[in-house]
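The transmembrane segment annotation in TrEMBL covers A:12-30, A:89-118, A:130-158, A:170-187, A:228-250, A:280-300. Annotation comment: TrEMBL describes A:94-293 as domain 'ABC transmembrane type-1'.
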Amino acid sequence: MFGYVSRRVLSAIPIALIAVTACFFILRLAPGGPFDGERALPPATLANLRAHYNLDLPLIQQYLLYVWRLLHGDFGPSMVYNDFTVAQMLWIGLPFTLMLGFTAFVIGTIVGLVAGALSAVNQNKWPDYVLVMLVMVGLVVPNFLMAAILQLVFGVYLNWFPAGGWQNGSLAHLVLPVTVLVLPHAGRTARLMRGSMIEVLGTNYIRTAKAKGLGQRLILARHAIKPALLPVVSYLGPGLSYLLTGSLIVEQVFALPGIGKYFISAALNRDYGLVLGTTILYMVIILAVNLLVDILYAWLDPKVRYH
Amino acid sequence: MAGLTGKDAVLTEYARKLETLDAPKGRSLTQDATRRMVRNKAAVVSVGVVLFIILFAFLGPYFLPWTYDKIDWSGIRKPPNFEAGHFAGTDQNGRDMLARIMQGTQMSLIVAMVATMVSVVIGVVYGAVAGYFGGRVDAVMMRFVDIMYALPYILFVIILVVIFGRNPVLLFVGIGCLEWLTMARIVRGQTLSIKEREFVEAARASGASSWAIIFRHIVPNLSGPVVIYATLTIPEIILTESFLSYLGLGVQEPQTSLGTLISFGAPVAETLPWMLIGPAVVLVSLLLCLTYIGDGLRDALDPKDR
């Protein structure tokens, strides 16, 4: 197990490097630059600006310089928000985005697993029907539509929660955004869990366990849950990256101070430093989660470790 | 004593039937699946609704007095008005909402079809090959998927838009090319367990080539998870497209999609509710029915779940 884990950790490093390289070059190959505006800048100013941000160097030299700085923890300057370095901007926005994303991730996964398992155990009885209906709502209503409906119903008509904004850590402001993010994630998790649980409950070893007289709870806890988790666990990695991209929309709709707003405008403005910095941070988070998922997978399914 | 048990009569009858090729027919797996599908009421109703939505989107515009890009200067921001022919009201630019909803539905349906096909084909082939060959091939292929996962796809999408220009069809293929990753992972996971099964062993023992085993023996056994995940992919793709439209990167004006309509309708839903309700109802019922059809297909194709 230790060997497997260390192998996976080591293999994540080249992935990160390749991804940084790919991002860097793809972004530079796309037409346009950070200083294209409504009004063209005078050539001398443009040349000075480009020299200031090292954009006049050959691409490969820029790349090496960027990686060198990155290894020293320096994300470079933002090219559109002149007064900030990328690290400062990330430091402002990212903690909030991560907090939002992970809160929704944890709540959504737990709710989804419990709902899926309950639904599978009570297959074709009323708790199953009710849960399947709820899951459907979570799956089928897109997040921006759900956001609009929740804002309208709970924010405007009922006035239970604020419809947007963020006042220094008030939980009430988080309820609606987190709900919007949780619903689809919980829905997908529950669907996968229900499907795999039903499949597991139909297998021969569960029948054996029943035949030798084990109680329902013991069968579920000791024999059914672990194998049923496999497909769900392999969904968690992509699930988190969906949540993080979903939070871009949610942050815009609810006017929250995350990284999402900057990221979108930065990409459209070709603010290379900011886009790369954000991309790299997202990437590291997603790689870390995938690593955890792989380790969890190996723990759940011993076959995986030896292949 | 012949005929005492009535056996001869029955057998003669049967022999005659065999001669005239009127023998009782066996049911194929497909016929079985069709019967199960037809018995599933929710799925049948959903098929009906989806067909209706398709007809609504593609034939509906021919029965309307207004087209999706025509401006009615006397009816800007007006609620539904049957006399003027605006059955679902007009938007801030005086364009007929019903015509726009139909056009948007067309766009979303085309996105769903094209991009899902692309993602299913790539994902299944990629995942099955990686899972079946295993070892180094698997490691390299899945590392590639990891790398793709680790790149936030919005960046890809923006670059695709830049490279492809604003051509919707190419953009949809592009979305499909990005959405296959999860399908590949799920298919690979299933393949890993299926390839250890006895029938694959038997096929290998009887000399089937690797490709024949993958496409004749493994891929058909994947149809359950593939259908379930393809169902989950369709709303995902329609969402991606609306996400892009929301950012101003998707379908361009005067054309529209359900996502664009909702993102224009949502901020004004309090004062102009018909701008949100119409597209929202169509989108949600479309997604709901597609999901029910997927479930029905799964139950029909994968009898072990029942």
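Heads up, the Cβ atoms here are built off N, Cα and C, so glycines get one too.
Curation plays no part in TrEMBL annotations; they are all automatic predictions.
For the transmembrane segment (A:12-30), the list of distant contacts is 59, 62-63, 66-67, 70, 270, 272, 275-276, 279-280, 283-284, 287, 291: same-chain residues at least six beyond its ends, Cβ to Cβ under 8 Å. For the transmembrane segment (A:170-187), same-chain residues at least 6 beyond its ends with a Cβ under 8 Å from one of its own Cβ atoms are 100-101, 103-105, 107-109, 111-112, 115, 134-139, 141, 143, 146-147, 150-151, 154-155, 161-163, 239, 242-243, 246-247, 250-251, 253-254, 256. If you look at the transmembrane segment (A:89-118), the same-chain residues 6 or more away from its ends with a CB under 8 A from one of its CBs are 75, 78, 81, 127-128, 131, 134-135, 166, 174, 177-178, 181-183, 185-194, 197, 220, 225, 228-229, 232, 236, 239-240, 243-244, 247, 250-251, 256-262, 274, 277-278, 281, 285.
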